[in-house]
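S.K.: According to Swiss-Prot, the feature transmembrane segment maps to 2-22, an assignment based on sequence analysis. According to Swiss-Prot, the feature domain 'RPE1 insert' maps to 47-93. The active site, proton acceptor annotation in Swiss-Prot covers Glu107 and rests on similarity to another entry. The annotation site 'Transition state stabilizer' is assigned in Swiss-Prot to Glu177, Lys252. Annotation source Swiss-Prot lists CMP binding site at Pro311, Arg312, Phe352, Gly353, Glu354, Asn377, Ile378, Leu379, Glu380.
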Amino acid sequence: MMLLYYALSFILLPVYFIIILIRLLIGKEDIRRIQERFAIGKHRQDDSLDFMQTSANKEEFKGDTSLRTTTYTLIREDEGLGSTYKLPLEASDARRLIWINAASIGESMVALTLIHNISKRYPDVRFLVTSWTNSSAKILTAKLPKIAVHQFLPIDNIIFTRKFLRNWQPDLGIFIESELWPCTINEGAKQCKLLLVNARISDKSFKAWLQRKSFFQLILKNCSKIIVQSERDLQKFNELGVSDAVNLGNIKFANEKLPVNQEELSKLSLHLDNKRVVLFASTHPEDEEVILPIIKNLKEQFLDCYIILIPRHPERVKSIIDNCKSHNLSATAKSQNDLPVLSDDLYIVDRFGEMGLFFSVATISFIGGSFKQGGHNILEAAYFSNCIIFGPDMSKNTDIAKGVLQNEAAIQIKNGEDLLTKLTYLLRSNNALELTTYRENALKFIKDNQKVLDEYLNVITKFL
């Protein structure tokens, strides 16, 4: 089965090139880094990567005079369709490299949490983080510490995957959530032990994998450890024939609170002048179809209410503003005006990395992607003690959604009419106590579940 997949990946190589070209044309690829999709670029011995310090032309390792430069000869290992290369043991011991693969934004936040906490226990470990999307790349590039570097994940083809692994020679691989690239995982397991952490399978993917159960098992047998995020996910893995997975809970509970620039927060809070902010976070077009029609009604009822919208993909800002005009709404983007125009109907935040700032001033936050995309991360808003609302589709975050609802830490709505009804109810002054209770319960829910991090670290560090 795997050989068939490899053969298809060769045959479909021209299609991969076309897909990358299309993604480039529609702005989903970074032309400055397009070569990384083909494993061309940086590598473990790159002179420009001071964080590894294993290159033969370095005079010494910074901060540690006991580790002097030595010239190493790569060891060639012939396997199957090609060769892999490894550093001799004494070289790889100098700086162990953990490779973390994070598909998109949510997984990238988990990667940052792992890096921060693993490096506390093992300060000499260095990190390579791969991801697929432009949005995750921007966040990781901005937030990664000096002990880590980001690269785009190459196309899942044996040529590019083996080249990537030769370039980086990781000592441990950690895949987050549901990134199951067959070639990458199969070849990666030849280089180092692989862990699948915070693993989950959406209901849609589960149905698809049931038709390909043997292939699913073939991929997952390459993982030395599989840690799932819920009992439901554990059941799914078991039904797919993976019997050695364990459930430690959702590591997103351990993600650090989103950063906030305090100077910007003071300026924004002063500017908003005690207005009650309703934030629509990580929205998609399907969310905006529901949200935009109710804004006028909301603003007319509550003069002290201000609407802020943060699209999941900021590059959509022009189309959102056009949609606002079609609904007779006035809107300004942050790229146009650094502070909200209070006379407008809404303010659109089209910059990455500022979600924490706007959660800080929000009273109520609607979590986007919850009408058709399976929902985004509820917990980020909970850290800021927001009253949380989400739509009917939380299929990608089923257990967290169930947990917050059971603890009266969030509200689920069915449609646009229901959303308007709930917002109207919460914003009425005589319901202020109930609004405060939801906000307090959201923060308590986070704090009650944070012990999960230590359990994950205890498992992961056994492989270091």
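In case you wondered, yes, glycine gets a Cβ from its N, Cα and C as well.
I'd like to know what surrounds each of these features in this structure.
M.R.: Long-range contacts of the transmembrane segment (2-22) within the same chain: residues 29, 34, 37, 81, 155-158, 182-183, 186, 215, 218, each at least 6 residues beyond the stretch ends and with a Cβ under 8 Å from a Cβ of the stretch.
With a 10 A radius on its CB, Glu107 (active site, proton acceptor) counts 25 other CB atoms from all the protein chains.
Under DSSP, Glu177 (site 'Transition state stabilizer') is assigned to coil, being neither helix nor strand in the three-state scheme. Sequence-distant contacts (6 or more apart, same chain, Cβ under 8 Å) of Glu177 (site 'Transition state stabilizer') comprise Ala103, Gly106, Glu107, Val110, Val197, Asn198, Ala199, Arg200, Gln229.
The DSSP secondary structure for Lys252 (site 'Transition state stabilizer') is helix.
Its Cβ taken as reference, Glu354 (CMP binding site) is surrounded by 19 other Cβ atoms within 10 Å in the chains shown. DSSP assigns Glu354 (CMP binding site) to coil, not to a helix or a strand.
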S.K.: Averaging the per-residue pLDDT over the domain 'RPE1 insert' (47-93), what integer do you get?
M.R.: 41
S.K.: Given the binding-site residues Phe352, Glu354, Glu380, which one's Cα is the least distant from that of Lys252 (site 'Transition state stabilizer')?
M.R.: Glu380
S.K.: Give the sequence-ordered list of residues that share a chain with Glu380 (CMP binding site), lie 6 or more positions from it, and have CB atoms under 8 Å from its CB.
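M.R.: In sequence order, Met109, Asn255, Leu258, Ala281, Met355, Gly356, Phe359 meet the Cβ cut-off.
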S.K.: For Pro311, Phe352, Ile378, listed as binding-site residues, tell me which one has the smallest number of other Cβ atoms within 10 Å.
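M.R.: Per-residue Cβ counts within 10 Å for the binding-site residues Pro311, Phe352, Ile378 bottom out at Phe352.
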